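> Let me give you the structure first, and then I'll get to my questions.
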Amino acid sequence: MAVSDPSDAEAPISAESSSKRRSGGWITFPFIIPTFFFLSIAVFGWLVNLIVFLIEQFNMKSIAAAQVSNIVNGCIFMFPALGAIAADSFFGTIPVISVSALSSLMGVVLLTLTVSIDSLRPKHCETASSLCQSPSKIQLGVLYIAITLASIGAGGSRFTLATAGANQFEKTKDQGRFFNWYFFTWYLAAATSTTGVIYAQENISWTFGFGLCLAANLLGVIVFISGRRFYKHDKPLGSPFTSLLRVLFAAVHKRKAVVSTNEKDYHNESTTVPTKSLRFFNRAALKQEDEVKPDGTVLNPWRLCSVQQVEDFKAVIRIIPLALATIFLSTPIATQLSLTVLQGLVMDRRLGPSFKIPAGSLQVITLLSTCLLIIVNDRFLYPFYKKLTGKFLTPLQRVGIGHVFNILSMAVTAIVEAKRLKIVEKGRFLESSSVADMSVLWLFPPLVIVGIGEAFHFPGNVALCYQEFPESMRSTATSITSVVIGICFYTSTAIIDLIQRTTEWLPDDINHGRVDNVYWVLVIGGVLNLGYFLVCSWLYTYRNLKDDNDQKQDVAVSHS
């Protein structure tokens with residue numbers, strides 16, 4: 001804002017205000033988003049092709065390599081929770097990101113050395129040879145240290161960067177736009193690594209491919225450190241879990257006490273009013289004899305909590321039913337991810353006379369469609385909806401739209417698979433006896449649809465957790481999405497195993513199976529889960545939902 005008559009007395013104040021404004025806001029965007037992009041390229045670059053790396057460079061058996069890969073993937077999706085707890089409770093987001101990025105860098109450096117120095121890996125083993133040299137203990141030790149450092153770095157920075165970025169903004173609208181760009185960057189980096197970096201590893205050299213990961217990681221560290229003076233540094237507010245346990249303990253301890261309707265009977269350190277929902281836990285803030293000192297301080301924090309602590313505890317409890325719906329939303333996506341590869345292997349993947357689409361690269365279609373829709377949503381769809389209705393799409397409404405697209409994708413995939421099976425029944429194969437005379441391009445529409453759904457529900461879920469969780473648990477909130485993804489991978493594995501045990505739909509050769517029936521089961525489960533989600537959304541009460549003008553008024557009930 002221009003100052004019409006700047007006087008000497010006003011100059012220092014203006015300079016001070018300018019300095020404050022420079023901390024946080026969109027000035028941090030050119031540092032945080034590129035940092036996330038480079039670090040994500042580094043992670044996806046070594047993670048996506050880990051099985052092939054272990055088989056080709058360390059002579060591991062395929063099953064052992066797959067087991068190592070599964071463990072690493074699970075850990076990477078679980079580590080963000082640990083990084084979030086460290087950020088929320090002890091150090092803040094910026095230091096945790098810095099240390100995590102350096103840990104990732106050290107891990108990638110070691111991985112690059114394993115393919116650059118012959119003594120750090122066993123001698124190359126010819127395909128189908130039974131005389132392959134196993135890696136020594138030292139070689140395995142260096143490998144596992146490298147993977148551990150890289151995994152800790154990836155887990156500690158991935159969702160903590162989301163929290164740090166959102167913390168730079170005051171307005172909910174700006175936070176929502178940041179989350180859209182965050183996930184756009186996520187998918188763009190994944191698509192870049194899945195195509196360019198993986199191609200370099202398999203067609204140029206592993207050293208060159210890991211060198212690209214190393215360069216990207218180093219750029220991420222440099223860019224992030226360069227913007228430190230612009231960041232708004234959040235202060236750790238102590239362990240949020242201690243506060244949650246105190247509420248639970250105090251409420252159980254006073255379980256026989258009568259819940260009062262008089263606000264003066266509660267220990268209140270602010271203007272927060274105890275809500276009527278989940279009233280049992282209001283007992284934790286109910287003042288009793290000899291629980292408050294004459295100076296107003298609490299004698300035992302495990303016996304008496306503040307109303308704010310109780311309401312924060314309720315916020316976490318209310319999110320749990322929605323988190324369960326998210327697990328069953330993402331499980332079909334994880335299942336589709338693996339089954340699509342199997343379908344692609346028995347379909348015509350030729351594009352032109354000399355190029356064949358790798359079956360494992362089919363997920364790029366989903367990644368690219370998600371990237372595109374995030375931009376469309378942020379720039380066109382959401383502003384158009386706001387202009388048309390005067391309201392903005394709530395996080396739960398976005399998640400609900402994602403549910404619908406997810407169900408549609410499973411249904412279209414089932415139809416495509418049924419068509420493929422009919423071609424198999426007619427005996428229409430290519431030169432190979434197991435590849436149906438049907439283009440893999442038929443799988444593109446359902447993959448695009450599921451990508452569209454992810455563009456709605458993935459950012460929506462993260463925004464919901466970030467806005468609704470207590471301030472002391474902001475990092476933990478954004479990491480929940482990552483933990484849910486990790487759970488979904490295991491849930492998907494369990495579903496596939498159950499179907500294999502109880503039906504004949506998933507044999508080793510899916511040409512003799514009924515993969516289409518598997519997708520129809522996922523459709524039915526998706527419809528039931530959507531119904532459950534709608535009920536939870538209808539009953540859910542937002543705590544911190546604000547309009548674009550940041551009017552601080554709570555929405556009583558979300559009719560998402």
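Cβ from N, Cα, C; glycine included.
TrEMBL lists these features:
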| type | residues | note |
| --- | --- | --- |
| REGION | 1-22 | region 'Disordered' |
| TRANSMEM | 31-55 | transmembrane segment |
| TRANSMEM | 67-87 | transmembrane segment |
| TRANSMEM | 93-113 | transmembrane segment |
| TRANSMEM | 181-200 | transmembrane segment |
| TRANSMEM | 206-225 | transmembrane segment |
| TRANSMEM | 357-376 | transmembrane segment |
| TRANSMEM | 396-418 | transmembrane segment |
| TRANSMEM | 439-458 | transmembrane segment |
| TRANSMEM | 478-499 | transmembrane segment |
| TRANSMEM | 519-540 | transmembrane segment |
> How about the transmembrane segment (478-499) and the transmembrane segment (93-113): do they have 3 or more C-beta pairs under 8 A, pairs 6 or more apart in sequence?
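No, the transmembrane segment (478-499) does not contact the transmembrane segment (93-113).
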> Six or more residues beyond either end and a Cβ under 8 Å away: which residues meet both conditions relative to the transmembrane segment (396-418)?
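For the transmembrane segment (396-418), the sequence-distant neighbours (Cβ-Cβ under 8 Å, at least 6 residues beyond its ends) are 322, 326, 329, 332-333, 336, 340, 343, 442-443, 445-447, 449-450, 452-461, 463-464, 515-517, 519-520, 522-523, 526-527, 529-530, 533-534, 537, 540, 558, 560.
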> Let me spell it out: take the transmembrane segment (206-225), skip the flanking residues so only those 6+ beyond its ends count, and list any with a Cβ under 8 Å from a Cβ in it.
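For the transmembrane segment (206-225), the sequence-distant neighbours (Cβ-Cβ under 8 Å, at least 6 residues beyond its ends) are 31-32, 34-39, 41-42, 45-46, 49, 53, 56-57, 97-98, 101-102, 104-105, 108-109, 111-112, 115-116, 196-198, 200.
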> So are the transmembrane segment (93-113) and the transmembrane segment (181-200) touching or not, going by 3+ C-beta pairs under 8 A with a sequence gap of 6 or more?
no
